[in-house]
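Only one structure is covered here, and it is reproduced in the block below.
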Amino acid sequence: MRSPVCWLQRGRLVSWDHIKCSELLFLHQLGGCGILGVGIWLAVTQGNFATLSSSFPSLSAANLLIVTGTFVMIIGFVGCIGAIKENKCLLLSFFIMLLIIFLLELTVVILFFVYTDKIDKYAQRDLKKGLHLYGTDGNIGLTNAWSIIQTDFRCCGVSNYTDWFEVYNTTRVPDSCCLEFSENCGLHSPGTWWKAPCYETVKVWLQENLLAVGIFGLCTAMVQILGLTFAMTMYCQVVKADTYCA
């Protein structure tokens with residue numbers, strides 16, 4: 001049995017790191033709950049807004065946020081309990097899981113920049129394939145998504161408004177492509193349609209907001225690095241305390 005002196009010394013070794021680590025891991029878990037909440041809100045309020053991809057029909061913003069939020073919340077919970085209970089196994093599990101996620105994110109970012117051209121070509125090809133599902137039964141989500149994109153970004157088609165000609169097998173576009181919306185306006189002359197390609201328009205918009213995306217990415221990376229640092233620090237302190245009391 002460990003003596004009171006041993007427990008007191010153990011408390012001195014880990015108490016301050018315990019507080020800092022617990023607070024950070026709690027914030028990590030809180031962030032996961034926030035992401036999950038936003039995902040559920042999108043699924044409930046924007047349920048008809050699904051993915052534009054025909055190859056990955058479940059790859060919607062709501063589903064991505066729900067899955068990400070759930071993983072972050074579970075990992076944060078493991079780390080939080082590990083810090084509160086000063087459990088080496090849970091702290092090490094949290095560290096390993098968070099490290100794997102961090103490395104996966106880093107790999108995805110590197111691969112994205114290395115294969116940007118190939119990703120562009122594949123994305124455009126997949127989006128054009130998805131156009132053929134527009135307005136069909138069981139694809140109301142994709143239909144609404146294209147309608148919103150074309151209306152909000154004032155664009156038409158993936159690379160050109162003529163992409164829709166292959167879908168309808170005639171000179172026609174969806175009514176969401178019209179400069180001034182009206183019933184069956186997509187049957188009018190091309191002079192009444194948006195000319196900008198949606199893929200390039202959205203891509204330019206993302207590039208213009210790259211700073212915000214970059215700041216968000218850096219903040220996420222910093223939180224993960226701090227989580228890794230504090231978790232390992234806490235783990236080492238607990239091991240040191242256990243060794244002292246052995």
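Placement of Cβ uses the backbone N, Cα and C atoms for every residue, glycine included.
Among C156, C185, the one TrEMBL lists as the disulfide partner of C177 is C156. In sequence order, Q150, C156, G157, Y161, W164, G186, W193, W194 constitute the residues six or more apart from C177 (disulfide bond) in its chain with CB-CB distances below 8 Å. Neighbours of C156 (disulfide bond), defined as other CB atoms within 10 A of its CB across all chains, total 28.
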